[in-house]
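Noted in TrEMBL for the protein shown:
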TRANSMEM  31-52  transmembrane segment
TRANSMEM  58-77  transmembrane segment
TRANSMEM  84-104  transmembrane segment
TRANSMEM  132-149  transmembrane segment
TRANSMEM  169-188  transmembrane segment
DOMAIN    225-448  domain 'Histidine kinase'
DOMAIN    472-590  domain 'Response regulatory'
MOD_RES   Asp521  4-aspartylphosphate
Amino acid sequence: MPMNIITRYKDKYTSLLKETQIPLMQSRIKILAFGLILLSSLTFIILLNSLVNPHMTIVIRLLVLLLTMAFALYLLLEKAKWQLSGHIFLLSLCTFIWTNLIFYTSGINLVTIQLSLIIISSSFYILGKNWGILYSLANVVPIVIHLLNSRLQNGQVTITQFQISNLSFLLALIVNFGILIIMHYEFFKSFYHSHYKERELNAQLQTALKEAQEATRLRSDFLSSMSHELRTPLHAVIGMINVLSIENPRKDQEENLAILRFSAENLLALINDTLDFSKMNAEKVLLNTADFNISTLLQNIHASFKSKAEQKGLDFRLKTDFESNPLYVNGDQNRLTQILNNLVSNAVKFTDNGGRVELSVTTTAQIGQQVVLLFAVKDSGIGIPKNKQEIIFEPFLQANNNITKRYGGTGLGLAIVKRLINLHESELKLVSEENIGSVFSFEISYTLAKPELPEEKIPVVSIPVQEISNLNILIAEDNIINIMLLKKILDQWDCNYSLSKNGQEALDMVKTGTFDVVLMDIHMPVMDGFEASRHIRELPDANISKIKIIALTASSDVDIQESFNFTYLDDYLLKPFSPLLLKEKLEAVVVQLSGN
Ligand code: ADP
């Protein structure tokens, strides 16, 4: 029968430990179980021993202690109530010490000190910090008071003999030391286990982090090479549409070309946005700060959307509260341009004929050199239904399924804008009503910068077409389709041009020829466009080294501002460029040359 009970409780104990998977909890249960079993066994033996020469009060105290311990053990194993069991265990020990101090021996002995140490350690180990402090004070304070009291009375501290037999006393000493050792051993084991586990987990985490970073890098590399591969033929398609558009197409051909352009530009926007968005997720995109004139930036944005807005019959205005005096600030002008371009482009896109679009910037606060600007892009367009006002900031989501068909777009613009604004430690806000319009706004805090001397502007003079035809142009380009496109465009204006297939060839031809301008592709085999431009600038003959160089690149505008070294380049053109833009750049070269 007793064997059955022991096996039953052993199983209960094992399953209790199994259920409690956390090592710290397991060690708490172990400490409590060992303490209860050892102390109740000790009490039982001392009780038996004291029956030889019975002393009523001792027998009763030991009996009460034994029953309480047994009850605590029952609560722990049978009911799995380890906290309640822990309190009963500690309270019974405290009561034993208090009654010992006050009523019986009126003194302390080694066993009292041992029990006190057991209470202090086990209260912290089993019940935690707060209960640990409470139980420790509850049994240390009476002992200290007793010690002080006895010192005051006798001038010395008495350590009294316990009122049980020497054998019981010795046994109690040994068992109590055993409990103290087991308790600390168990707790250290769980502490070491947690520490070891933590180190192991940290190592696993580090490996996983490295793997994830590597995977992200690979994905980003893959995306950027894929997008480059996709962009190259797409540039040719858009370039060809441009060429066909200036070759006096028939009315029906014009319509077909418009559809072609819409789809191709949409696809290009998707590729560019996907790349930008993935970069933003993969790498820690940092803001590149420098001093800049925010008034000029706003005027440029206004100018670049003005004609599109006019074509759609929209009234597009720029409003600032610092109109008369230009504002210079320190910040990332490319990212601000990207944010505003996206928002204004959406406002123009989603506003129909006769509507209004307004880009406004107001100073909301200025403390010392710090200025807070509120940017708002307001339109009287189609608006966004209330239930779509959150999802439109998610990547690839648009307000409804007809948007792509009717207006184009990728659904990535606002997701990018939102991240860029967050990067400025601010938030993008939206107020919109369907068929009334939308306002996208955000605040950015800038440090004021010193105004620079106004840049010397190259006067844009309209020049008759034949003047471009006098230019001697060197094309440095390796892609045959791009060469074909450039030839077709330049042939339209009767320009003189020569061809080189890489940077080295361009350099050699510049040394021997008499060119006015080089249209320099950046990504070329043998020697890239940067390298070739640097070599040209280092040539000893000043007439040759000062030749105008216009870079041709498929990178995005932001990438160019961030990574291009303009020391060797005069200007750049983003592929696919419109023939008109190339013409403007070439006309500017003519103006500069005639000014020299
Ligand atoms: P895209 O313009 O390429 O579709 P965006 O992320 O820039 O992608 O915009 C997501 C969606 O938010 C748009 O498809 C449109 O439904 C809605 N939206 C954005 N700006 C406006 C606006 N000014 N007026 C109305 N709807 C807008």
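Using the three backbone atoms N, Cα and C, a Cβ is placed for every residue, glycine included.
Automatic, uncurated: that is what TrEMBL annotation is.
Because the structure is a prediction, the values reported are computed rather than measured.
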Same chain, 6+ residues apart, C-beta under 8 Å of the C-beta of Asp521 (4-aspartylphosphate), given in sequence order: Ala476, Glu477, Asp478, Asn479, Asn482, Gly529, Ala551, Leu552, Thr553
Selection from 58-77, 84-104, 169-188, the stretch that has most Cβ pairs under 8 A to the transmembrane segment (132-149): 84-104
Beyond the flanks of the transmembrane segment (84-104) by 6 or more, those residues with Cβ under 8 Å of it: 28, 32, 35-36, 39, 57, 61, 65, 68-69, 71-73, 75-76, 112, 115-116, 118-119, 122-123, 126-127, 131, 135, 138-139, 142-143, 146, 163
Positions on the same chain near the transmembrane segment (58-77), where near means CB under 8 A and six or more residues out: 9, 12-13, 16, 29, 32-33, 36-37, 39-40, 43-44, 46-47, 50-51, 84-86, 88-89, 92, 96, 99, 104, 163-164
Tally of DSSP helical, extended and coil residues in the domain 'Response regulatory' (472-590): 55 helix, 25 strand, 39 coil
